[in-house]
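Everything below concerns the one structure shown next.
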Amino acid sequence: MGRSLILAPTETSCTGPHEEESGSVKENIRSGISQRSKEDSLEEKRSKPHDGNIENEQPEKAIAPLTGVRFYVCFGSLALSLFLAALDILIVGTIMETVAAKFNGYSLTGWLVTGYNLPNALLSLLWGRLATVWGFKASMLLSIVVFEIGSLVAALAKSMNMLIAGRVVAGFGGSGIQTLCFIILSTLVTDRTRGTAVSILSCAFAVASIVGPFLGGAFATHVTWRWCFYINLPIGGLAFVVFLLSYNPDRENTYENFKILMNRVRRAPYNEVLKPSFYFKLYRAVVFKFDFIEFALCSAGFTLILLGLTFGGNRYSWSSGSIIAYFVVGILLVIASLIYDFVVFDRIKPNTEHIPYMPLLSWRVISKPGVLIPNIATFCTCFAYNCQIVYIVQYFQLVWGDSPWKASVHLIAPVIATVISLVFCGAILKNTGQVKAVLVLGGIIGAVGSGILTLLSPNSNNSAKIGLLILPGVSFGCIQNGAMLSSQIQIPKDHPLFKFDFISVTTFNAFTKMLGTAFGGILSNTVFTTSVHNQLSKIQPPSAHSSSVDELISYWYTNYGGRDSKEVHIFMKAIKDVFWMGLGLAALATIACIFSSNKTLGSKKPVPDSETNEK
């Protein structure tokens, strides 16, 4: 069940499952790739016309095709799984004030988003590697189970820390879901149709963006916020069963595979655990196969940086030794993780013919401008969009006094805009293959939309409250998929490690996407609370409920005083500061889109390897 993947460097799809003869770690991957490459080369020579006429070439085929009803059911299971993971990102946006009042901790509410998104980002690199070892099916099912466990912990939370812990565990599973959904989909379709397929799959994310805030608002207002997490259990169970039964490109018997797995477990040489050689093999697997040192350094570094952003200006002053230590040590650890992967890993890895040990972040792949630049656009866009979505809800709750349910209604405009742009861009990509045109269009619309979003005020009319939210949604839809596709087409298919490079690029895109979302959740909260704190410190004499930002938010949530009050002006100024930050990030994303690669999807003409580095 869920066997590892070996790809052929063909002219067709990107990646797909391939049957292994055994689950042994001694499988000769390099030999398999080389042999498959030779066979495909011979087949290509037989079928390719000698006159070089492109029109006579064989049509594209997916390497791991599913046809008919089975394909649509599998596609539906991927969409349901992605819906599940996306729902957990956005459903908390409308319950922050409710949870903050329950546990008296508004300054930690940013971690309701970041506690999910940070492990989501960091683990995305590891899930990609896990899929190459365990196979897509087993990895996908495991990610759903982990996600369900985290959701249950969050639903049963007795404190803010327990709730955040549940979100972290759910983020571990959600990372695998979001990463593997797009990789698996790429095995089922051809290059040229991949843009359309990815766009349609991403609509599940957009639908969750609509349903999530509605459900969150409805549960917080009419039932209990805990149902925001309980609802994941039946949805996740359904996604698990449907994917288990539908994803079987090798046409294998699921029951027979399960019996084989159980036999392997029963016959496993457990006495090997007592031998020193076992721990040496375990060490090599953890350190080199899964690149655990880079993962640990990177995770610790980003966590410390985000903790510094959380506590800075709130629990500690920005000039305090604790905050400076968070930032300095965090940045040094992130730099150390990059140096380790880019320089040290290849020098210390064991030389073996059996398994090609690869770092999680390969300099050979990441250093290509065609890969790096669109992912910078992804990071900036997700950063800005998350800031905007979260504080659009805060705008309607804090400035207009709306309930969570009513505030969530206003997210319909940007989310519907996202869905429409995904469908529209999918059609463009299928018919023209022009990825850069989609990226530049999305970048320009995002910069304009982020700019006009700063025009919101306590006196904005209904047209402004709806219309000003549309353009950021359009931009997000254009860039989200365009950047991933632009990165994927930079990988030369005749490279012997095409499989690893393709998965590395896809997981790197998921990493930048979720890292941007994580930083957006924390940094927007930091900007907002710092702005409110600075304004409160200037009020003399201080008001009765303004000794801290947490106290003011808790009081205001139950004692709304109208749009002409001084508290509303304080909140509006802080929310605008967040929107101005989003504008700066949208401008950076636009610049990155302009300098992205000119390569197109499904190009029939052979492209020299040097062009994979074009801007």
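Glycine too: its Cβ is placed from the backbone N, Cα and C atoms.
Per TrEMBL, these features apply:
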- 1-59: region 'Disordered' (REGION)
- 17-29: compositional bias 'Basic and acidic residues' (COMPBIAS)
- 36-53: compositional bias 'Basic and acidic residues' (COMPBIAS)
- 69-96: transmembrane segment (TRANSMEM)
- 74-601: domain 'Major facilitator superfamily (MFS) profile' (DOMAIN)
- 108-128: transmembrane segment (TRANSMEM)
- 134-156: transmembrane segment (TRANSMEM)
- 168-189: transmembrane segment (TRANSMEM)
- 195-215: transmembrane segment (TRANSMEM)
- 227-247: transmembrane segment (TRANSMEM)
- 292-311: transmembrane segment (TRANSMEM)
- 323-343: transmembrane segment (TRANSMEM)
- 372-396: transmembrane segment (TRANSMEM)
- 408-429: transmembrane segment (TRANSMEM)
- 435-456: transmembrane segment (TRANSMEM)
- 578-597: transmembrane segment (TRANSMEM)
**Message:** Six or more residues beyond either end and a Cβ under 8 Å away: which residues meet both conditions relative to the transmembrane segment (168-189)?
**Reply:** 5, 13-17, 62-66, 71, 74-75, 78, 81-82, 84-86, 88-89, 115-124, 126-128, 130-131, 136, 139-140, 142-151, 153-154, 197-198, 201, 229, 232, 247, 249, 484, 488, 502-503, 506-507, 510, 514
**Cβ-Cβ under 8 Å with the transmembrane segment (435-456): same-chain residues at least 6 beyond its ends** = 195, 374, 377, 381, 384, 388, 395, 421, 425, 428-429, 464-465, 468-479, 482-483, 485-486, 489, 575-576, 579-580, 582-583, 585-587, 589-594, 596-601
**Fill in**
In the domain 'Major facilitator superfamily (MFS) profile' (74-601), averaged pLDDT is 84
**Asked** Is the transmembrane segment (372-396) packed against any residues at least 6 beyond its ends, judged by a Cβ distance under 8 Å, and which are they?
**Response** 90, 93-94, 96, 113, 209, 213, 366, 402, 404, 406-408, 410-411, 414, 439, 442-443, 446, 450, 453, 456, 465, 469, 472, 475-476, 479-480, 482-484, 486-487, 508-509, 512-517, 519-521, 523-524, 528, 571-572, 575, 578-579, 581-583, 585-586, 588-589, 592-593, 595-597, 615
**Complete:** Quick tally over 108-128, 292-311, 323-343, 408-429 of CB pairs under 8 Å to the transmembrane segment (195-215) gives the top stretch as 408-429
**Complete:** Contact set of the transmembrane segment (108-128) with the rest of its chain, CB cutoff 8 A exclusive, min separation 6+ beyond the ends, reads 88-89, 92-93, 96, 99-100, 139, 143, 160, 163-165, 167-168, 170-172, 174-176, 178-180, 183, 290, 295, 298-299, 302-303, 306, 310, 360-361, 386, 390, 503-504, 506-508, 510-515, 517-522, 524-526
